[in-house]
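What follows is a short report on a single structure.
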């Protein structure tokens, strides 16, 4: 590898490595050049693989590793396959041309989704660091590491609230008569209507749909019993926290604590349940769903191939955003998970396998969802359009209502909400692991203290779990008006900011660190370089994809017919900017603390193109802020 001239060199001879396979070299000399946190490695042994020493307990260079390869794969699949695979993709597919939607979806998977997925796994595995310290390869970009850690924190604050809702529904399902089955409960309004008395004519006259009708027992259970947002007038009137939801959140935090208390050694075993259970439940629900009247109609609507929809640019935008958010790049989780792999692990194969499983799961879940939606449409004499919806309305209103009409409804309800619980738990575990790994790798005192005093490791993890609980509780997402706070965080916490963060990450790796150098790193791990296709995607296609997506994607702040006040939009942008601002601030800090002018400092990292790209990224940052501020404010 070519290295630039630096003032100082540190030459170290590494002791002969004990062979951990018959094919590995016994001796390797490593030339390490360190300057301002940048580290390069050159091997004098041709074809060197497996830099570092594998200890008997499976740890590499003192770093914890996964107990088994399957632990890592299930952890990645469990993180990537989350609630959105069930409550968003099937509806998007149906709305945007059915089977035709798979054309742009698959295209974006191959040109952007998989390359970014592969890049993060390789980045974490080679450097064996969390989201912040992985940028020792190019310290000026360390700010993006802090950005993704902050975003992971924000997402955890409100994502755990969804898991708490699922747990509340699960507890409520342990009864012979499901509480959302009829209108004779204390929380029901005088206008509550038995679904059997509702027909399609009333919706056609009003121009509404069954999915938006808020007077069914299921809709009132969600709105008036679980959330009770009818007691709030808006985000300015949040009311008191729901103590039942607070208890559910405490249980969720306790589950997360004991899942992570021994690091990847414990979380790698938990995912054997949390990552596989959704597939078992989906299969059971699909088998039951296809036996219902109207199921085939729902599935035909789901797969209806309408190529004319592809003429609408919005279809392509939604395919791009769905593939990006579905794979979970940019949250620091993939980097953290991969950092615990063995050095010679084939992360290329892992990236292809796990990203494919994620997308196939999304498609497969659509059959379980639309078979039941077809049944709902058949029962009420309406079209699929009238019952099809996405988000919480699907999994907390429409689907539970359909389940309540089936024989053995209690069993299917318990099964369904266990699926939602496990989908949420392993995704939340991934987010917490990204934060914990990122901070302990960056602040070495935490790692040293936890290593010397195991009780400190448990205390540190407990502190994280408690902070997740307190922030989820203190942001009042569990209050009577908490749904408005939830919507605010869901819109701004990981919207524009995550797209911006991944864009900077892609540019940092491909243009500043360099695709060629990155490819050499991968060759050291696996013995082969990425092909031309991957290098082109990393350097050109993926950054352009992220730039265009971040510009054309709008995140409208709304909840049903409620109009958020102007100050709420300003607060939302404050949340988004609070994570994004780490990128320029840390870059400015580096420029002021390093000797030389902008051009000289740029040359230290790569070459003359760096100065141009720095100006480009700064322009992108300012343009995005002005563009979205004009839309939202």
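Even glycines carry a Cβ here, placed using N, Cα and C.
As recorded in TrEMBL:
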TRANSMEM  72-90  transmembrane segment
BINDING   78, 80, 81, 85, 326, 358, 423, 426, 427  Na(+) binding site
TRANSMEM  102-123  transmembrane segment
TRANSMEM  144-171  transmembrane segment
DISULFID  183-192  disulfide bond
TRANSMEM  243-260  transmembrane segment
TRANSMEM  272-295  transmembrane segment
TRANSMEM  315-340  transmembrane segment
TRANSMEM  352-377  transmembrane segment
TRANSMEM  453-472  transmembrane segment
TRANSMEM  492-515  transmembrane segment
TRANSMEM  536-555  transmembrane segment
TRANSMEM  567-589  transmembrane segment
TRANSMEM  610-631  transmembrane segment
| note | Among the binding-site residues listed as 78, 326, 427, within 10 angstroms of residue 192 (disulfide bond) by C-alpha we get none
| request: Compute the C-alpha separation of residue 423 (Na(+) binding site) from residue 183 (disulfide bond), stating it in Å without decimals. | output: 30
| request: Within 10 Å of the Cβ of residue 192 (disulfide bond), how many other Cβ atoms can you find? Include all protein chains, please. | output: 19
| Can you find at least 3 Cβ pairs under 8 Å between the transmembrane segment (102-123) and the transmembrane segment (352-377), where each pair is 6 or more residues apart in sequence? | yes
| Cβ within 8 Å of the Na(+) site's Cβ centroid: which residues qualify beyond 78, 80, 81, 85, 326, 358, 423, 426, 427? | 77, 79, 82, 84, 275, 328, 361
| task | Quick one: pull the CA-CA distance for residue 183 (disulfide bond) versus residue 427 (Na(+) binding site), whole Å only. | result | 35
| Considering pairs 6 or more residues apart, do the transmembrane segment (144-171) and the transmembrane segment (492-515) have at least three CB pairs under 8 Å? | yes
| query | Which residues, sitting 6 or more apart from residue 81 (Na(+) binding site) on the same chain, put a CB under 8 Å from its CB? | reply | 275, 278, 357, 358, 361, 423, 427
| query | Excluding the flanking five residues on each side, which residues at least 6 beyond the ends of the transmembrane segment (536-555) place their CB within less than 8 Å of a CB in that stretch? | reply | 108, 111-112, 115-116, 119, 313, 317, 320-321, 324, 491-492, 495-496, 499-500, 502-503, 506-507, 509-511, 515, 518, 620, 623-624, 627-628, 631
